[in-house]
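Notes to accompany the following structure.
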Amino acid sequence: MADIDQYILDDSDIAFEYELQKSPSVEVWQRYIAHWEAQVCEDGVRSARHILWLYERMVTQFPTLTVWEQYIGWFRRQYKLDQYLDTFKLYERCINSVKGPLGVFAVEVMLFCISTFDLDIIMKGLQLVLHRCNKDEVERIWNIVLGFALEHVLPSEEGPNNIDFSAFNDRNYEDLRLDIYKLLFLGGDQTEIEDDEEDEDVDKWTASLLRYYLQVANEDKYDETLRLLIRTKDIKIIKECFDLYIFNDKTGKNNRESKKEYDFDLYIYYLDTLDKLRLDKDYKSVFDNLLEKYPQHRVLLTLKLADFHMKRADFDKMEKVLTKALSETVKTNEFIAIYTYHVNFEQAYVETIFDEMRDDPEIQVQKKWKSEMDDHLIILGDLTSRYHLLVNDLKIRQNPNSVSNWLERTTLFEDFDKKCEVFVEAIKTIDPIKVKDKEYGMLGKLWCDYAKVYWSNKSYEEARTIYESATKVPFPDLQDLEIVWHTWAVNEFQIHNIERALKILRKALTVPPSYESIIDRFKSENRRLPSQTILFTSKRLWNYYIDLLESIPTIDANDVIRAYDTLMTLKLITPVGILNYATFLKQNNNLHGSLQVYEKGINMFPPEICYELWTLLLDEVMEPAHQATKERIRELFEQCLQQLGNTDININSIYVKYSDFEIHNKLFSRAIDLLMSGARRPYTNKEQLKQRVDLWESAISKCEEFLGPDSLRQLLSECIQELPNSKAITYVLKFTKLEMSLSDYTRARELLQYGAQLLPPIKNEELWGLWEQFELEHGDKSYYKEMLLLKQKLEKEMKVDTEEVSKGQGNVQFVASSVKNQEAKTNPDEIEIDI
């Protein structure tokens, strides 16, 4: 009763107690508690201890979740986090006394536990509520706890992701030397050193939490959870969970077959875990399994295995692993990674022993270390000296049909026998059909280089055997076969065996019957036929054959002629070949044949080449030595103009040459008519207009030189009407000066008036200057005034460019000298061109 006396202080308390005895209920308890809480606030008669006493009695009598929530809520408001352990005990008592599911109350419990930041409380709370919740609440609770662990507990660095082999070469070189030093001179297992260094960073609490979570998590959460688990660095729990959830090893029988495929980096971390736990047998089992399942990651696994052997000071096995990997990898970046790793290790190994021998006299006298250093110096030297050969090995593995790689390989050996071995290996390996387009010609060169090895050694018969074999290789492209035959012939010529060289070329260039159908078939088959079928079309061999024939003073000229004729029949001759053939015939006094070569060759080439050949032919035929008739020469000129007249080629020189020929024959009018016929041709662009202007200029110049003023007047009249205004103005001035020189001032004034209307005054200053000077010398005041009035009028009216007007309406009317005020014809081809 002493305890009751501490709390029951007045009649109202007794009344509540009596009511609770008579008809106990939660409502009575709540009114009782509210009554005492009021006393705590009003007069301080009561304390929190009194309220606590009532709540304890209420939850004992009515242990429902609602009552407990009211009690815990009051307690937390009263004490906040100062007494969080007592609060947790209340939660614990509540859960143990309440029956049935907790519902959202379980979430409240976990939120409270999280707010304490007490890892033991959080774990106990989690274990307390999980079995009393439904699926949705369990998921929510785990999200809360895992979120807390991720934000506040788990180390911030990320787990493995996109693991690649670059990490091995990113290792600090001095750290590598330190590791080697510990292995060589301190003894022990490198994994022990790593374990000591990592113990401080292990997050055992999160590891235990995640292990607990994996027991209830769906399989689709395994990957994410295992990655979080890796960040805890608790390798024992990591191995345990990987065994259970990746390898499904619940029997303890070391089953290493994963039921579901996970990202490769997870398996790699598991491999690292086995390494750190020194489970070497398991490590090798998993390694072999991964090597079989992930061949695309062979290099990373190889470096892992090399590192594994290094940590156990098993350097011989490490060397074998790296050497084998260097000879098998087919990717450049992988080769670089393995090579760099190997070289760095060997260098660090040698330097570590060297430094220790230098600093420690006891080690200096031990032969073991000197021998170790020498052995690894040899390995290091071999790696560096054979670098280019190793790289070439890699290239050939990447593409055994790459001829350039084999050619490069032949340069890496100086020894005769080894060089020949490379050529033989290359010839056996390369499939001519699989040689890429960009390497056409290289395979033929490789055969020739092989033969050259013997030829340079004066083993001519062996070299000829190689050349003979090369001519039978089914090269898909003609370049390769050309190189073989050409090089063989050149070599024979260089040792003065000219007859053999000619025999080789004649054999290669034998033209088969129905050669046209053979060529067509080769083209249609798209290189599926061997190039031997069209060897006779090789321009390179034909040109060399002809050069060789022409270089022999005693050769029969008919042999050369037959070669040239065959070349023309096959349509393989070049413009230079035409020139050479014509020159050869001319030197052999066959002038008629020389001209015929030009005439035949002209039709074999595009207009640009035709023009050059026509020029040569016309120059040649006009030489006195040919004694060609004038009619024959004119016939050739006409053929030339007819063939080239409708092309875009500038043939002004042909017109001028033809005109000069007629002048030489005293046919001046015909010479000028020829130039005018070229000038009258229609034009469509600036360049063609310039060409026509040049011909008009040439015609006017020759007319002025060889014909009289009347002819010149007629020519200038037509020129002015044919050309656009901007070009015609020059000839208006020329015409004006002609009339002035003949004292026909009226006609000169009419020409000036006409020319003034062709262009705006601002663009026609030369004409206006000439007109003003003309009126001052030959006119009077009225004519001068008319000139000024016309100029003012034109300055106002000619706002639009007269060039534009002339396009649609022709030039300004031109008054011919023979008939006054005659309307000039329009020029429909006139366009505005200002050059």
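Backbone N, Cα and C atoms are what each Cβ position is placed from, and that goes for glycine too.
Residues or ranges marked as repeat 'HAT 1' by Swiss-Prot: 7-38. According to Swiss-Prot, the repeat 'HAT 2' annotation covers 46-77. Annotation source Swiss-Prot lists repeat 'HAT 3' at 313-348. Among the features that Swiss-Prot reports, repeat 'HAT 4' is placed at 414-456. Residues or ranges marked as repeat 'HAT 5' in Swiss-Prot: 458-494. Here Swiss-Prot flags 517-551 as repeat 'HAT 6'. Taken from Swiss-Prot, the feature repeat 'HAT 7' covers 589-623. For 628-664, the entry in Swiss-Prot reads repeat 'HAT 8'. The repeat 'HAT 9' annotation in Swiss-Prot covers 707-741. The feature repeat 'HAT 10' is assigned by Swiss-Prot to 743-777.
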Checklist outcome for this item: DSSP tally for the repeat 'HAT 10' (743-777), helix/strand/coil in that order, comes to 28 helix, 0 strand, 7 coil
Checklist entry - What is the number of residues in the repeat 'HAT 4' (414-456) that are helix, strand and coil, as DSSP sees it? => result 35 helix, 0 strand, 8 coil
Checklist outcome for this item: In the repeat 'HAT 10' (743-777), averaged pLDDT is 93
Checklist entry - Honestly, do the repeat 'HAT 2' (46-77) and the repeat 'HAT 1' (7-38) touch, with at least three Cβ pairs under 8 Å and pairs 6 or more apart in sequence? => result yes
Next on the checklist: Checking distant contacts: for the repeat 'HAT 7' (589-623), what same-chain residues at least six beyond its ends satisfy Cβ-Cβ under 8 A?
Outcome noted: 564, 568, 571, 573, 575, 578-579, 581-583, 632-633, 636-637, 640, 643-644, 647-649, 651, 653-654, 657, 661
Checklist entry - Which residue counts does DSSP yield for the repeat 'HAT 8' (628-664) in the helix, strand and coil classes, in that order? => result 28 helix, 0 strand, 9 coil
Item to check | DSSP-derived helix, strand and coil totals, residue by residue, for the repeat 'HAT 6' (517-551) | outcome: 27 helix, 0 strand, 8 coil
